[in-house]
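Asker: This is the structure I have questions about; it appears just below.
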Amino acid sequence: MSKRVLLLYLSVAIFLVFIWFKDGKMMATGEEGITLYEPTRTQSLYSSAWLETGTGYLLPVNLPRVSFYTLAGVFINLGIINWVTQAILLCFFLVLGLIGFYFLSKELLGHNFNSNALYGVAAVFYVFNLYSLIQIWGRFLYTQIAGWAILPLFTYFQVKFIRESRIKYALAASFVSLIIPMAYGAPSYIITIWFPSAVFFLHEIFKVKNVIKKIFSFFLSGFIWAVFHFWWIIPYITLSSESFSKQATPYDSISVLGGLSKFFKFDSIIFLREGYFGDNLGSLWSFYGEVKYLILSLTVLSVVILGILVSRKVKTHKYLLFILLVSLFFIKGLNLPFGKEFFSVLFNIFPFMGVFRNPFEKFGLIILIPYSIFFALGYFYLSNRGRLSKILAKVLLVIAFVLVWPFWTGKFISGSVKIELPDYYKSANEYLNSLGSERLFHLPFLNGDGIRYSWGYRGLEPSEFIFNRESISKSLRTSRYFDDFYLGLKLYLDQENFSNILYVAGVSNVIFHKDIDESWANEAGMDITEQNIKNWRDLKFEKEIGLVRIYSLDKSKVVPRIYAVSKVIVVEDPSGVMREILNSDFEPLSFVVTESNEKLSNWTPNISFEKINPMNYKVSVTGSKGNFILILANTYSDLWKAWIDKKQVLNHFVVNGFSNGWLVEEVGDFSIDLILKVWPWE
């Protein structure tokens, strides 16, 4: 690659990012949340497979994201403000995608064409197409953006390795993906990113004499990649059954895919768009109108078709065409032909493939490889046919740029995305830190996980990224015990003894957000919330900072993270747990409610503990007379284990509807290790 091309790519990326951030505000929306508001806090939160939000839950998919937020934290520590940090990182992703696709195009076409312009156009189209606009940048999920950025360069090095069997290319592929491993933050992207390389391996294997050696070398590349990424692969494997306990069954996956497939009609995906986000991306239909939009899309498609026709003599023609056809078949979902039959078999035989129940989102990235190259070949063919054809080629390239006009305006994400977090949140966080380290409970109560604020934010409730203390603020979707506990609270918000529930959850402060967007105030139940909290026993108003109102509970009644009791209230079913906790005679530090009928002593030992990390606590017990319940006030998980002198405490059960409880029979003074096992050697 010449310096001139590199400078061009860098200029394009900087120009785009300048447009996007010209108002000096951070971009945050949807599922991504406000993770770059304080990246060091996010890095700390994501550095463990046990995510300390709510009452905690397993989420190993965040581990590959740690390096991204570590790098962002470095920029912040250098004095670079968060929106500039975000702009730098997005610029890096753009440049990486452009450079990577340039080299991939050169490798796939270089045996037939020696043209920097051809490779350059392919790389530019990889950025400026409807799929990138709508699904990658329009969705604004860092995992998808990272996957888009890393796919071309990773595939390039793998193709080089398959062709030449030089170990340096396998190492380079693994190292490149290690730079931004957050691309693997979505399990489906592991398959998606490897797919083009695997297909190329199959394309080449029958051309060599020593097939066994070629197979071995490809598996060696996979082994090297696994070694580079073992630090998140092992938690993925060991924690998958528990952390994805609420994920869909094969039947559920088919049902979800069935509902989405109506958006994946062939007349949509052939234009690299789908009918949900594509139709809702504010400025496309409204800017062009349906007819102009269709004409522009057909014009770009005609160039791609021309590229397919002129690519017949290209050595990688069959490879590119196969990827194109497989991608189109896969991302169309249950639509004809054979969509329903294919996915029914796939999901039933391989249930984990349910991660592709939205195939356009999870696998559609692959189609950009053949599409971009075929577009470049069509453009190259026209630009070398004569003066008029050259003019036409340039016009077609301009049309491709115009089709993705929202890129050039910065309005490529639907809805409100430019935010500036009010200063009173920083002040509120500092004040809350001075009050203690117990959990926070946020209001208004959410029936799900989304929220809208008056200062522009729309997306997942972001308290864990704003406050240092753990926040109970929303449904977590993948944690069965926590979600059953949290969503069940709605029935009891008007109860005077609701404070008892907060006590057993380790909550000492309640935060009432008054800055909810007016259009969402009724849905959030703002008026009802104010009425309810006036009735809660022990709750007193502490301070109002900006539009954040802070309340305090009686700290002497708040349970610590680890404690012991010798009194148990037994209920017959989960529905009885809350009723017992809401009883005016319930003492949070003395009683637990459980379905497990255990024989207990009438003596509670002294307990102290040290937090080693979010998945490891050291507990010291003195004066035990045996038969007491040790409680870890984190969300229940079978993977939490209690050990006394390397002997596991086997009687482990749910207490208070969500917490971990162990029946400890040991007497005297001793230590207990509470460990959530991730690594095989633990």
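Positions of Cβ are set from backbone N, Cα and C atoms, glycine also.
Nobody curates TrEMBL annotations by hand; they come from automatic prediction.
In case it helps, TrEMBL gives these features for our protein:
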DOMAIN    56-546  domain 'Alpha-(1->3)-arabinofuranosyltransferase N-terminal GT-C'
TRANSMEM  5-21  transmembrane segment
TRANSMEM  80-104  transmembrane segment
TRANSMEM  116-134  transmembrane segment
TRANSMEM  169-195  transmembrane segment
TRANSMEM  215-239  transmembrane segment
TRANSMEM  291-310  transmembrane segment
TRANSMEM  319-338  transmembrane segment
TRANSMEM  363-382  transmembrane segment
TRANSMEM  391-408  transmembrane segment
Asker: Among 5-21, 169-195, 319-338, 391-408, which stretch has the highest count of C-beta pairs below 8 Å with the transmembrane segment (80-104)?
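Answerer: Stretch with the highest Cβ contact count: 5-21.
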Asker: Taking a Cβ cut-off under 8 Å, which residues six or more beyond the ends of the transmembrane segment (5-21) line up next to it in the same chain?
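Answerer: Distant contacts of the transmembrane segment (5-21): 27, 83-84, 86-87, 90-91, 94-95, 98-99, 102, 116, 120, 123-124, 127, 407-410.
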Asker: Looking only at the domain 'Alpha-(1->3)-arabinofuranosyltransferase N-terminal GT-C' (56-546), report the model's average pLDDT.
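Answerer: It averages 91.
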